[in-house]
Every structure is written in C-alpha cells, then in structure tokens.
Amino acid sequence: MDQVLPSKRSPDQVPPDHAEKKGTDESFDRVVALTRVETEKRLALIKAWEESEKTKAENKAYKKLSAIGAQENTQRAKVEAQLKQIEEELEKEKAEKVEKMKNKIAILHQIAEEKRAAVEAKRGEEILKVEEEGAKYRKNGTTPTRYLGCFGC
C-alpha cells in the first residue's frame, strides 16, 4: 500500500510491472502541465484585463472630476465677476448719492446763510431806523408814545 503518486515518481522508483505505464504517466504529466500553463495564462489575462478596466475606470473618474473642477472654477469666476460688477455699480451709485447729498447740504447751507444775511440786514435796518427815530425824538424833545402805554398798564 505504499503506492507513490505518478507525478511524484522518479524513473528509478518505477516498479517493473508499471514500465508500460511510463509513457502514459509522462503524457498525463504533460497534460497536467499544459493545463496548469493554460490556467496560469488565463489567470494572467484576467488579471491584466482587471488592471486595464481598473485603470480605465480611474481615468474616467479622473476626467469627470477634472471636468467638474473646471466647471466649478469657470462658474465661480463668472459669479465673482458678476459680484465685482455689482460692487462697482453699488460704489458708483453710492458715490453719486453721496455727491447729491453733499450738494443738498451745500444748498441748505447757502439758503441758511442767505436767510442769516437777510435777518442781519433787517436787524441793521431796524437798528438804524430806531436810532433815527431816537435822534428825532431827542431833537424835538418828545417821548415816544407807543412804548409808554405798555409801561402804564
């Protein structure tokens, strides 16, 4: 029952009654070797195919990610340009409104100055008129009657 497997036999271990099976064992070993080579070849092709498909998938994903990034950058630049344009328009509008308000302030100041000047002129006229009337009363030696009526009440 010490039988050695055919693939592990060496030529000197072959019993004499198996001499005619030697050719069959060699062809069997050859078939096994060819089968093993074909299997390894098939596995190598499968592995190469897997690597190729993985590389294709990674390249495809990389292209899509790059396209997404480029699209994002383009859209971001467009939005930032719009934002900058809006900011410039707002700054221009603000400057125009500030100028209008400053002009209004200048006009208000000018009107107030004119009113002040008119009040000052009228005051000067009234003072001059009072001084003239005072001189007239002094010259005539009379007293103004309209003011005395208020003191006697």
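Just so it is clear, glycine is given a Cβ too, placed from its N, Cα and C backbone atoms.
Here TrEMBL flags 69-103 as coiled coil.
Residues or ranges marked as compositional bias 'Basic and acidic residues' by TrEMBL: 9-27.
Marked as domain 'Remorin C-terminal' by TrEMBL: 41-145. As a summary of secondary structure, the domain 'Remorin C-terminal' (41-145) carries 101 helix, 0 strand, 4 coil according to DSSP.
If you look up TrEMBL, you'll see 1-27 marked as region 'Disordered'.
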Open item on the list: If I take every residue in the domain 'Remorin C-terminal' (41-145) and average their pLDDT values, what number comes out?
Closed with: 97
